[in-house]
Structure formats: C-alpha cells, structure tokens
Amino acid sequence: MEKIIVRGGQRLKGTVKVEGAKNAVLPVIAATLLASKGKCEILDVPELSDVYTINEVLRYLNADVEFENNRIIVDATRELHTEAPFEYVRKMRASVLVMGSLLARNGKAQIALPGGCAIGSRPIDQHLKGFEAMGAKVKVGNGYIDAEVDGRLQGAKIYLDFPSVGATENIMMAATLAEGTTIMENVAKEPEIVDLANFLNSMGAKVRGAGTGTLRIEGVSELHGCQHNIIPDRIEAGTFMVAAAITGGDVIVEGAVPEHSSSLIAKMEEMGVKFEEVENGLRVIGPEKLKSIDIKTMPHPGFPTDMQSQMMSLLLAAEGTSMITETVFENRFMHVEEFRRMNGDIKIEGRSVVINGPSKLQGAEVAATDLRAAAALTLAGLIADGYTRVTELKHLDRGYVNFHNKLAALGADIERISSMEQEQTIILEQIKEA
Ligand SMILES: CC(=O)N[C@H]1[C@@H](OP(=O)(O)OP(=O)(O)OC[C@H]2O[C@@H](n3ccc(=O)[nH]c3=O)[C@H](O)[C@@H]2O)O[C@H](CO)[C@@H](O)[C@@H]1O
Ligand SMILES: C=C(OP(=O)(O)O)C(=O)O
C-alpha cells in the first residue's frame, strides 16, 4: 500500500509552482464535446487521475483525446455516443458534467447516477431542474438518468435554489447551443465558472455575467474548437500557503492569484500570517505564534469548503479556541477522527467543530478520507512529533500533482513509499535514531 511518510519539524523555505486548476479543467474538458467543428487545445493541464478519468469518458463517447506535456487536444467532431456508464461516474463525480454538452449536441444523454461520497450525499437535482426548464424530459431509473429533448433545447429562465458550481457549469454548457436566451439566477461565482465561460466564448458561445450572480447565455447554432489556458489551482495554492504558515516558513507560491484566494488570505492574516505580492505569485511568511479564529465555509467569494480540512491543521497549531462551521457539504468532517489519532483536540458539534489549540501533535498512521484530507493530514505531519504515515493516497492523486516532491523541495522531510520493504527500511532508521 502506498504511503506518505513525513517527519515533522522542518521550516519550509523556497518557491513552489502551482498547477492548472483541477476544478477548472474538468468542466472545460466536458465542454470540448460541444465543438462540432475543429479541435480544442487546452494548456496548463495538471496530470491528475481525475483528468485521466474524464479523458477516458470522452474517448468512450467517441471523441479523440491526446494528453501530453500538460496539453490536451480533443477532437469531438465525429458523432458522439450518449452514455456515461457507472464505472466512470463512480470513479469521479465530475463525469456528470458531460450531461449538458451531450444533451445540447445530441439531444440525448444517459448518465449513471453519481450517488453519495465521503463528503455528503451530493444530489444533482438542480442540474436536472435546469435541463427540464430547457425542454428536456428527464427520467431516473435503474441507476441511470435519461434525458432527451425533441429538437433543440430551448432558452429558459432558471433560478438555482443554491449556487451549485456543477449545476451552473452543466446548465451553462447546455444553454450555449439552445434556441434563444437562457437567464440563470443565483449561480455560482467561482473563478472556475469564469474560466469555463471564457473557454465557451472562445468556442463561439455568447455567455455574459460570469463571476456575478446572474448569467445570460444567448444560444448559437454551433461551436468550434479553440485554444485555452487553464487558470492556476487556487486550492493547491492555498494548501501550500498553509504549509508555509504551519511550519513558520517563508515560501513563494508561484502562480497564486490573490483575488482568487481573498477569503483564505484574509482569514490567515487574522491568524498572524504575512502575505506579500511578488512577481508571479505570493510570498507567505508564517509567524512564530498563530492566533485562533472562527471560519464558516460558503460559496465563493466566501471561505472555500475545499480549504476547510487544511485550515483545520493550521488551527490545531494556533493558540486558543477556534471554530469551523461547514455549510456547503453536510458530512465533510470525516478527517476529524484522523486528526484525533494525531492527538488533535477537536470536538464535532453538529455542523461545527471546536478546536482547542495548540495541540501537541504526534505522528501516527492516518487514512485520507478525501483528497483535501490527504493534504491536510500531511500538513499536520509537517509539525507533528515523529513520523506520520498517510494512507489512501488515491484520494490525493485526484487533486495534487507531485505533492510530496513539492514539499520536499521546500525542505520537508517527506517521502512516498510504495512497498513494505521501503517502509521497513524507514522503521529501522527510526529505531536507530531513538
Ligand atoms: C469538480 C468540482 O468543481 N468540484 C467542486 C464543486 O463540486 P460540486 O459542483 O459537486 O459542488 P456544488 O456546488 O454543486 O455542491 C454544493 C452543495 O450543493 C448541493 N447540491 C448541488 C447540486 C444539486 O443539484 N443539488 C444540491 O443539493 C450539494 O449536495 C452540496 O451540498 O464545488 C464544490 C463546492 O465549492 C467543491 O467542493 C468541489 O471541489
Ligand atoms: C470535493 C472536491 O472535488 P470533487 O467535487 O471532484 O469531489 C475537491 O476538489 O475538494
């Protein structure tokens, strides 16, 4: 079983470069299915397992996909198939994002029901409500969602009950080829929504209002290929900001876009972390003592749920009592038990956790419960006494490229092992040291 083994105590220093954003590239790849003419070229693509999975979904749907050197070329000009089966959707929920494109291109889509996951039940009712408003007939049965429209989708007025990122993206993609204008209200405002809208517009779509609460999409009759650079990953950037802060380090996070991380930066500044804008990124300087704060996760521009577990690591190191309230996902505290195994003083109270810091963290074997938890437990390991072993790295690989190597380059004492033999060598070293 693969593990990350990290020994705490090193102050991080140096420069780390962030990759293209996972949550931007997945919808952009799904949107390439809309191009019935020409190829799409996507640059700054991170080499993540999720990217390989969505590429497989596209190939299954009869598109050609080449992926090399952080560049993807998609040719989706042939007639497309209409089904995304469970074997892909189970691996990665974002596979449902092909539904809007398929409905718009083919008038038909069959997608396996995604089901729940480690962070909550994650229904897709808002996606389906949007497709129905545009004239699709949606049936759910035998583990599949079947959506079909007679002729073209029709522009509609759609109000989302919650600013869901996935529903905003899926409906926006479908609306680009609809007849007439679609107005979407209470939509998500994440930077990844803006990136997708920019990509669609480069393909010939007419999407206005991305980044605000209302989107206006004038349908066009066809879309073509184009070239697009993916925005930097604000969650990976934020994870390295926390790595710098938790170790009292001094790190330049190259590619970090301050406006994409303003809530995170504001909360870390409240804790005493210093930020300096530098060319191409942000310098992050950790203080000697971190102050406790309260956090509530919210849709953008509120505090991102995808940084909640990493901030939990940081708050474990802060002086005093902090509270984190999770409002986006109903079950995103699975990592709390793992932090407790490291001697973290955390209590769950409904949708909040109370953290009494600073905890004297101890190395332990801990299991990642989702991709951000994998990163967060590794961050805690950077300051824990002794060795921390993080398992279930398949989660980490969904969202981070070369995480351990990037931390090692900043001075962390960390390695990733893939065999019992390697682990035994490390245990022998530990025994010798003790
Ligand atoms: C690939 C991708 O971009 N993933 C991100 C995306 O996930 P995702 O797009 O799945 O997240 P949503 O914004 O849709 O979900 C937020 C909340 O809305 C609920 N909901 C959503 C849709 C729906 O039809 N009905 C409904 O009830 C969900 O169960 C959840 O509680 O945004 C999340 C919120 O910022 C991030 O944590 C994920 O990293
Ligand atoms: C929850 C996340 O992603 P996904 O929606 O792909 O599960 C995440 O990136 O933290």
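Including glycine, each Cβ sits where the backbone N, Cα and C put it.
Over in TrEMBL, the protein carries these features:
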DOMAIN    6-407  domain 'Enolpyruvate transferase'
BINDING   Lys22, Asn23  phosphoenolpyruvate binding site
BINDING   Arg93, Arg122, Pro123, Ile124, Asp125, Gln126, Asp306, Val328  UDP-N-acetyl-alpha-D-glucosamine binding site
MOD_RES   Cys117  2-(S-cysteinyl)pyruvic acid O-phosphothioketal
ACT_SITE  Cys117  active site, proton donor
Seminar exercise, completed: Model confidence for the domain 'Enolpyruvate transferase' (6-407), as mean pLDDT, reads 97
Exercise. For the recorded positions Cys117, Pro123, Ile124, Asp125, Asp306, Val328, which residues place their CB under 6 A from an atom of ligand 1?
Worked result: Pro123, Ile124, Asp125, Asp306, Val328
Problem set entry | Cα-Cα distance linking Lys22 (phosphoenolpyruvate binding site) and Asp125 (UDP-N-acetyl-alpha-D-glucosamine binding site), given in Å to the nearest integer | 23
For this session: Select, from Arg122, Pro123, Asp125, Gln126, Asp306, Val328, each of the binding-site residues with a Cβ positioned under 6 A from at least one atom of ligand 2; if none does, say none.
Result: Asp306
Exercise. Over the residue list Arg93, Arg122, Pro123, Ile124, Asp125, Gln126, Asp306, Val328, recorded for UDP-N-acetyl-alpha-D-glucosamine, what is the maximum interresidue Cα distance in Å?
Worked result: 22
Problem set entry | Cβ contacts of Val328 (UDP-N-acetyl-alpha-D-glucosamine binding site) (under 8 Å, same chain, 6 or more positions away) | Thr297, Met298, Pro299, Thr305
Seminar exercise, completed: Taking only the CA atoms, the spacing between Gln126 (UDP-N-acetyl-alpha-D-glucosamine binding site) and Asn23 (phosphoenolpyruvate binding site), expressed in whole angstrom, is 19
For this session: Filter the binding-site residues Lys22, Asn23, Arg93, Ile124, Asp306 down to the ones within 10 angstroms of Cys117 (2-(S-cysteinyl)pyruvic acid O-phosphothioketal), Cα to Cα, kept in sequence order.
Result: Arg93
Exercise. Between Asp306 (UDP-N-acetyl-alpha-D-glucosamine binding site) and Asn23 (phosphoenolpyruvate binding site), what is the CA-CA distance rounded to a whole number of Å?
Worked result: 11
Seminar exercise, completed: When the recorded positions Cys117, Ile124 are compared by other Cβ atoms within 10 Å, fewest goes to Cys117
Exercise. Cα distance, Arg93 (UDP-N-acetyl-alpha-D-glucosamine binding site) to Asn23 (phosphoenolpyruvate binding site), nearest Å?
Worked result: 12
Problem set entry | Inter-residue C-alpha distance, Pro123 (UDP-N-acetyl-alpha-D-glucosamine binding site) and Lys22 (phosphoenolpyruvate binding site) (nearest angstrom) | 21
Exercise. Could you give the Cα-Cα distance between Arg93 (UDP-N-acetyl-alpha-D-glucosamine binding site) and Lys22 (phosphoenolpyruvate binding site), in whole Å?
Worked result: 13
Exercise. Whose Cβ, among the binding-site residues Lys22, Arg93, Arg122, has more other Cβ atoms within 10 Å than any of the rest?
Worked result: Lys22
Exercise. In the structure shown, which of the binding-site residues Asn23, Gln126 has the fewest Cβ neighbours within 10 Å?
Worked result: Gln126
